[in-house]
Amino acid sequence: MSATLINVDDGDAMEPTLQSILDQRSLRWIFVGGKGGVGKTTTSCSLAIQLAKVRRSVLLISTDPAHNLSDAFSQKFGKEARLIDGFENLSAMEIDPNGSIQDLLAGQGEGDAGADMGGMGGMMQDLAFAIPGIDEAMSFAEVLKQVKSLSYETIIFDTAPTGHTLRFLQFPSVLEKALAKVSQLSNQYGPLLNGFLGSNGTLPNGQNLNEMMEKLETLRATISEVNTQFKDERLTTFVCVCIPEFLSLYETERMIQELASYGIDTHSIVVNQLLFPKPGSDCEQCTARRRMQKKYLEQIEELYDEFNVVKMPLLVEEVRGKERLERFSEMLVTPFVPPS
């Protein structure tokens, strides 16, 4: 996977690398997303490797049900953060964004607001199920549990295809509104419930109503804080990944518009799988495809002239394993130069 690399300085032009993300020390949340099959996981893994060089601790999280992180690093990951082999400050975990609310409401240990939601009374579970989007949104609490307890400096999300990603980014708002509603109902009907429960306020399953509401309020405050951080460009950014084809470009534009409506910063696009036929090549298919790619690449550059557009080559070998990912990651910060 050899590539010639050079430093480029185009004056006022946006730098065609992700170096600005590495340089922005304030960034805490980085999302990597795009249409399926465009190289999101390879890009997110490579970006995580580069960030690990300049950050104290980095956590890479997959929210894609396909869970390709394990394949990319040739190492099994689960819902608990685990150090990636060969790194001292880069960890990874895979969560299911469509996880069942029952799993998350089941007891998950002590010491954290999200985890302590376990043991909820049946009444509160019924209330939670009635809130639209809560089933997926509760999986976000699993992320908060890990992030809050382990204090990573930077968190990178390897997201699911576009539609799922946009829903996932709404989860903090969904949870915040849901928990606020639960709190409101508790305030309205709390005195009535306490009349039935008695002086100790104990639910039939042994859970204390007042303690449960305090835990919910703590979780709501945490989620509210994260929701605010997602909309702060100093703390959060989204890296769009695409290939130079019509559908991928269309999905990228839709995603950028949606992100803008959520107030989430995005100023970087990684264009993968670019063909660079060797001079004098008689491969007609390669030349024709390069011509098509060039057309869409020009559209990307015209539409997103204020973005960092990173151009990544189509490689002859699969990018799997630490060494190949490290080599690929270098092209995110130093532009690839096609053979002349």
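Yeah, the Cβs are placed from backbone N, Cα and C, and that goes for glycine too.
As annotated by Swiss-Prot, ATP binding site applies to K35, G36, G37, V38, G39, K40, T41, T42, E245, N272.
All protein chains considered, the CB of D64 (active site) has 25 other CB atoms within 10 Å. According to Swiss-Prot, the active site annotation covers D64, on the basis of sequence analysis.
Following the DSSP three-state reduction, the secondary structure of C283 (Zn(2+) binding site) is coil. Around C283 (Zn(2+) binding site), taking its Cβ as the centre, 12 other Cβ atoms fall within 10 Å, counting all chains. Look at Swiss-Prot and you will find C283, C286 tagged as Zn(2+) binding site.
The distance from the Cα of G37 (ATP binding site) to the Cα of D64 (active site) comes to 12 Å. Distance noted between the C-alpha atoms of C286 (Zn(2+) binding site) and G39 (ATP binding site) is 20 Å. Shown are the binding-site residues G37, G39; of these, the residue with the fewest other Cβ atoms within 10 Å is G37. Counting every protein chain shown, the number of other Cβ atoms lying within 10 Å of the Cβ of C286 (Zn(2+) binding site) is 15.
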